[in-house]
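Positions annotated as domain 'ATP-grasp' by Swiss-Prot, on the basis of sequence analysis: 115-327. As annotated by Swiss-Prot, ATP binding site applies to 142-211. Residues or ranges marked as Mg(2+) 1 binding site in Swiss-Prot: D279, E293. Swiss-Prot lists E293, N295 with the feature Mg(2+) 2 binding site.
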Amino acid sequence: MYVVIINIVLLKVLMVLTITILSGGFSRERKISLMSGKAVKKALDSLSYNAIEIDVNSNTAEKLKKINPDLAFIALHGPYGEDGCIQGLLEILGIKYTHSGVMASAIAMNKAMSKHIFRSLGIDTPKGYIISRGDILKNNIKIDYPYVLKPINEGSSIGVHITFSHEDYLKLKNMFSVIPVHDAGIEEEEPVWITRDLMIIEEYIPGIELHTAVLLDEAAGTMEIRPKNKFYDYKAKYTNGFAEHIFPAEIPDNIYEMTLEHALKVHRFLGCKTISRSDFRYNPKDNTLKMLEINTHPGFTELSLVPEIAKLTKGIDFNELVKIIIEDSLQHKKILEIK
């Protein structure tokens, strides 16, 4: 009898999956990534997985080879984490991972490329184009006020500037005239030029901020965000009390359905996996909906939008959502396995 009990215990030990949590990294969203990583670690511990945290750096490949995990949970945000880089490394190492693959991650992270995809699918998106730092300094801008200037491949509203007037432009020009010695701190509300010579400039869409979650190839729901300030910026996204979350979004039914359809259409077209979040602006004055971007690695703490929508629509708590992501990700084939 004791032998049977011991064998059962050993079997359970052997069946425990080792999951590495990749967080931190090099991007300006490092702080948020570490928060996501800690939340995932807490959930994995409560779910009795063998969870190992890795703060991603140049030695990450060696650490992963040594650990040889059953799965890597990607809790990274921004460049190198959600742009296909870490996904490519994991493919080479033969390690399964969560969220979307190399191609979907790379395309979704590139705002200019994403806008072309949206238009090709018949989805309206703000008018805009790629602009150089030099053209900004010379005021060689082909879009009328107000307009939005943002990095091609950043998240969390980092480096986003809304310009309503010539006075705003002069402030922007002064800011961009300074060439930083290094990247500005992630917590700065008005970061200086982001060590890139190209950005996206697009028309400003007044109205309502909307976020749609896709979970397991199903559009789960759309949330409305009402920031306390004019703009849903870094502080509003990650500071309690700086934005009000309204669910379901208080918009016309046909517009609500349109957000679900657009989010799912882009998710499927790019080949996104497990979860994604699409962002929209709705202008009630002219009844237009514009898709801004799709996020393959949305923020992932218990207070983040996708977990909140999953809880409100499906009754799925954070721990259960983590388990769903893991189980779904383990079923995905690695690129090298696809024939």
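Any Cβ shown, glycine's included, is placed from N, Cα and C.
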Can you figure out which of D279, E293, N295 (the binding-site residues) comes closest in space to K142 (ATP binding site), comparing Cα atoms? E293
What binding-site residues among P151, V160, N295 are found with a C-alpha within 10 angstroms of that of D279 (Mg(2+) 1 binding site)? N295
Taking all protein chains shown into account, the Cβ-based neighbour count within 10 Å for E293 (Mg(2+) 1 binding site) is 19
According to DSSP, collapsed to three classes, what secondary structure does E293 (Mg(2+) 1 binding site) have? strand
May I ask for the distance between V160 (ATP binding site) and E293 (Mg(2+) 1 binding site), taken between their Cα atoms and rounded to an integer number of Å? 14
I need the CA-to-CA distance for P151 (ATP binding site) versus E293 (Mg(2+) 1 binding site), whole Å please. 13
Using Cβ-Cβ distances, find the residues under 8 Å from Y169 (ATP binding site) that belong to the same chain and are at least 6 apart in sequence, listing them in sequence order. N139, Y145, T163
